[in-house]
Amino acid sequence: MRFVDYVSIEVVAGKGGDGIISFRREAHVDKGGPDGGDGGWGGSIYFVGDSGMNTLLPFYQTKKIFGYNGENGRPKRQTGANGKDIFIKVPLGTQVFLKKSLICDIILEKKYLIAKGGRGGLGNFHFRNSKNKAPRISENGELGQNFYLDLQLKVMADIGLVGKPNAGKSTLLSLISNSKPKIANYEFTTLAPQLGVVKIYENSFVTADLPGLIQGASSGKGMGIIFLKHIERCRAIVHVIDFGSDNKNPIKDFIEIKSELEKFNKKLLDLNQIVIANKCDLPNFQFNLANFKRKFPKIKIIKSSLISAKQNEINIIKEKMFGLLGEKQKKLEIQEINTSKIEFNLKAPFLIKSRNNGFFEITGELIQKIIQKIPLNSQENILRFNAKVKKIGLWDELIKKGIKPGDLVRIYEFEFHWN
């Protein structure tokens with residue numbers, strides 16, 4: 001399956017159902033009156049973390065996700081049915097961004113609210129009072145939340161395998177786990193992160209084979225920053241370095257890899273790390289190993305020839321890797337953010353655009369919410385709309401801008417002549 005770790009989508013939660021204007025008129029019923037029911041809630045959109053997924057490919061073709069609308073209210077005070085919620089599976093490690101701000105980090109196999117459905121509108125039964133026993137007032141359902149989101153996947157792995165291209169990372173992953181990565185004798189065989197579950201005794205951990213890094217990866221060279229971000233999720237790092245092949249310099253390779261990690265995120269160097277010195281069966285190995293130990297005496301090194309490793313060697317490697325995940329190692333810092341707490345501050349409740357031909361266009365989130373919520377289907381609703389608009393100062397502002405009788409005013413889809 002194609003690996004996709006970044007997509008942009010639009011989510012539109014369901015609209016709430018409209019409340020209705022209705023009166024009870026039945027023979028032999030002496031207590032009639034308003035009985036218009038409320039609209040149902042619009043359906044919300046949830047993302048659900050799924051450990052069985054490892055790509056955002058399903059979103060690559062589905063750019064828009066729509067929630068189900070709530071049903072309108074009915075007579076006899078009946079509330080409309082709620083719109084069905086939508087639950088969409090996403091890979092663990094998916095981050096959700098709104099206008100470049102992280103709003104949700106999906107790290108657990110549970111549901112996360114992404115877009116909330118709109119509240120259902122009230123029917124005229126709710127507007128009865130001692131002064132108005134037969135109100136012709138109702139509300140439309142609110143629109144569901146509508147967001148343009150960027151989804152970014154950072155694989156959830158305990159240990160990341162890093163190294164230069166063709167160093168043996170894929171071979172190692174195939175030996176210690178059930179993963180079957182592509183293995184070949186040329187550079188950049190691995191073009192996307194490969195995950196494998198490593199079992200050791202009664203425990204297990206997840207290892208990620210990350211595409212080979214070259215000098216300048218942090219600034220975009222090679223696979224570059226596209227895959228460096230996946231290392232941020234790891235709790236430990238294993239360097240796989242070729243110590244035996246001709247024209248290889250393990251010291252230079254190790255320094256370059258650490259430099260790229262540091263440039264990308266300095267915190268990566270705080271993670272527990274070991275080096276697997278690969279190709280110990282080749283002539284240059286001992287010479288390179290001795291030089292490396294002199295340069296980095298504190299670095300833990302495991303000698304191996306991965307291509308011909310015996311089972312006991314593989315078990316030792318697994319034990320050493322598992323040891324990196326001890327209690328003293330740094331814990332991954334993860335922040336879960338509740339999207340329902342996001343608020344948008346309006347600079348102004350409305351914006352007026354005027355033209356020389358006596359045309360005024362009104363826009364703005366607050367005025368849009370008012371015009372959307374109050375249906376102009378009765379005299380009482382029109383009066384209610386007029387009172388709310390007057391309260392926010394729209395009429396006064398139009399007068400200041402020189403509006404004249406007969407001028408046309410448009411508020412989204414609603415138009416009227418000024419009188």
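Residue positions begin at 1 at the first shown residue.
The backbone N, Cα and C atoms fix where each Cβ goes, glycine too.
Look at Swiss-Prot and you will find 163-170, 188-192, 209-212, 278-281, 315-317 tagged as GTP binding site. Secondary structure at Lys169 (GTP binding site), taken from DSSP and collapsed to helix, strand or coil, is helix. Residue density at Lys169 (GTP binding site): 31 other Cβ atoms are found within 10 A of its Cβ, drawing on all protein chains shown.
What Swiss-Prot records for Ser170, Thr190 is Mg(2+) binding site, and it gives sequence analysis as the kind of evidence.
According to Swiss-Prot, the domain 'Obg' annotation covers 1-156, on the basis of sequence analysis.
Per Swiss-Prot, the feature domain 'OBG-type G' maps to 157-334; the stated evidence is sequence analysis.
Among the features that Swiss-Prot reports, domain 'OCT' is placed at 342-419. Within the model, the domain 'OCT' (342-419) shows a mean pLDDT value of 85, rounded to a whole number.
Comparing the binding-site residues Asn166, Ser170, Asn315 on other C-beta atoms within 10 angstroms of each C-beta gives the minimum for Asn315.
When the domain 'OCT' (342-419) is classified with DSSP, helix, strand and coil residues number 29 helix, 18 strand, 31 coil.
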